[in-house]
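Worksheet for the structure shown next.
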Amino acid sequence: MKPHFRNTVEPMDPRTFVSNFNNRPILSGLNTVWLCCEVKTKDPSGPPLDAKIFQGKVYSKAKYHPEMRFLRWFHKWRQLHHDQEYKVTWYVSWSPCTRCANSVATFLAKDPKVTLTIFVARLYYFWKPDYQQALRILCQKRGGPHATMKIMNYNEFQDCWNKFVDGRGKPFKPRNNLPKHYTLLQATLGELLRHLMDPGTFTSNFNNKPWVSGQHETYLCYKVERLHNDTWVPLNQHRGFLRNQAPNIHGFPKGRHAELCFLDLIPFWKLDGQQYRVTCFTSWSPCFSCAQEMAKFISNNEHVSLCIFAARIYDDQGRYQEGLRALHRDGAKIAMMNYSEFEYCWDTFVDRQGRPFQPWDGLDEHSQALSGRLRAILQNQEN
């Protein structure tokens, strides 16, 4: 039997949406969780079969949370539509709590014909280890069915507004900080789920051939260490990668460089007054403006040391040399990536699936030449 679409959604009030789907990372007083869901067949051209809105209170019993309400509703719905594979999409104001995440993971394991994509406006108790583990199990890619979880960007907020809000023809108006908050939450989710980079993305963007062209993206991998008894101890909860935000993508009209996205993220970690070492591995060295902002950061945070390893030197025919010298003068360690740094990034940040790092032709020669060029740039500050 071919199911038919049933429009059972009572649209959400615009003020309710704007208030509850605020993507400010840290919010208090919003105790209601909203879940907007859409069910389709896996045929991408097919129309929605059903749509619902669920709500619940974060501090109520788990059975009253919207995720559990969805599971009960979908169990009944599935009995009438058991002969096909379905794609379920959620837009939620808070990501699932531990118990709900575990229940959803169990549901997906029992019904492999259902795929679930979860777009979240905010992360709920993301700093708690049990919560982190529950989300990793829910989104685990290997070993069985899993959910795909993403942070809502401008497009998802707009889609949710168009599908579930009584906007009366008015377009979605994003908050001013939506892009910045998106970047923070996306990086945090990447840390939490331990996202890894596609091998092709790494080899394409971190190739240190001097004649590379057409690479307009900057990737930045990072790790954080804390000094304890004269030993640098890795803080694996603050390890990941991000890239620049291109213009007009995710609500950034002018775009935002990867280094600035990274600087936005650091205060979110709430590092205390102990000594920390932050190491960045970048596909391009910082431009003048980013170098200035990074220099300002280390000047204002003397307990944090910064090391930057770049695959290539970004030469915009502008003041990039001046920026690198200022960054170096203010205490940052700047060097070109060599074989050991490329291998470390491959082993740490790439979904290599057991494959060892394979250097490209000329890697060592290019690294030596770039190191000499960088050395000349930095030494010029003393001339």
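Cβ atoms are placed via backbone N, Cα and C, with glycine included.
Summarising the annotation, Swiss-Prot assigns region 'Essential for cytoplasmic localization' to 1-68. Taken from Swiss-Prot, the feature domain 'CMP/dCMP-type deaminase 1' covers 29-138. The feature phosphothreonine is assigned by Swiss-Prot to Thr32, Thr218, with similarity to another entry given as support. The Zn(2+) 1 binding site feature in Swiss-Prot is assigned to His65, Cys97, Cys100. Under the heading region 'Necessary for homooligomerization', Swiss-Prot lists 209-335, citing a curator's inference as support. Annotation source Swiss-Prot lists site 'Interaction with DNA' at Asn244. Swiss-Prot lists His257, Cys287, Cys290 with the feature Zn(2+) 2 binding site. The ubiquitin cross-link annotation in Swiss-Prot covers Lys270, Lys333. Positions annotated as region 'Interaction with DNA' by Swiss-Prot: 312-319.
Sequence features annotated in Swiss-Prot and their locations in the structure.
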residue	record	Cβ within 10 Å
Thr32	phosphothreonine	15
His65	Zn(2+) 1 binding site	24
Cys97	Zn(2+) 1 binding site	22
Thr218	phosphothreonine	24
Asn244	site 'Interaction with DNA'	23
His257	Zn(2+) 2 binding site	20
Lys270	ubiquitin cross-link	7
Cys287	Zn(2+) 2 binding site	21
Cys290	Zn(2+) 2 binding site	25
Lys333	ubiquitin cross-link	13
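Nonlocal intrachain contacts for the region 'Interaction with DNA' (312-319), taken as residues 6+ away from its ends with a CB within less than 8 angstroms of a stretch CB, comprise 208, 210, 212, 218, 283-288, 336, 370, 373-374, 377.
Taking Thr218, His257, Lys270, Cys287, Lys333 as the recorded positions under consideration, the smallest Cα distance to His65 (Zn(2+) 1 binding site) is found for Lys270.
What surrounds the Zn(2+) 2 site, by Cβ distance within 8 Å of the Cβ centroid and not counting His257, Cys287, Cys290, is the set Thr218, Ala258, Glu259, Leu260, Pro286, Phe288, Ser289, Ala291, Glu293, Tyr314 from the same chain.
Highlighted in sequence order, Val33, Gly56, Val58, Ala62, Pro66, Glu67, Met68, Pro96, Thr98, Arg99, Ala101, Ser103 have their Cβ within 8 Å of the centre of the Cβ atoms of His65, Cys97, Cys100, the residues recorded for Zn(2+) 1, and are not part of that set. As a summary of secondary structure, the domain 'CMP/dCMP-type deaminase 1' (29-138) carries 41 helix, 32 strand, 37 coil according to DSSP. Counting only same-chain residues at least 6 apart in sequence, those with a Cβ under 8 Å from the Cβ of Cys100 (Zn(2+) 1 binding site) are Ala62, His65, Glu67, Met68. If you measure from the Cα atom of Thr218 (phosphothreonine) to that of Thr32 (phosphothreonine), you get 38 Å.
The subset of binding-site residues (Cys97, His257, Cys287, Cys290) lying with their Cα within 10 Å of the Cα of Asn244 (site 'Interaction with DNA') consists of His257, given in sequence order. Taken residue by residue with DSSP, Lys333 (ubiquitin cross-link) is part of a strand.
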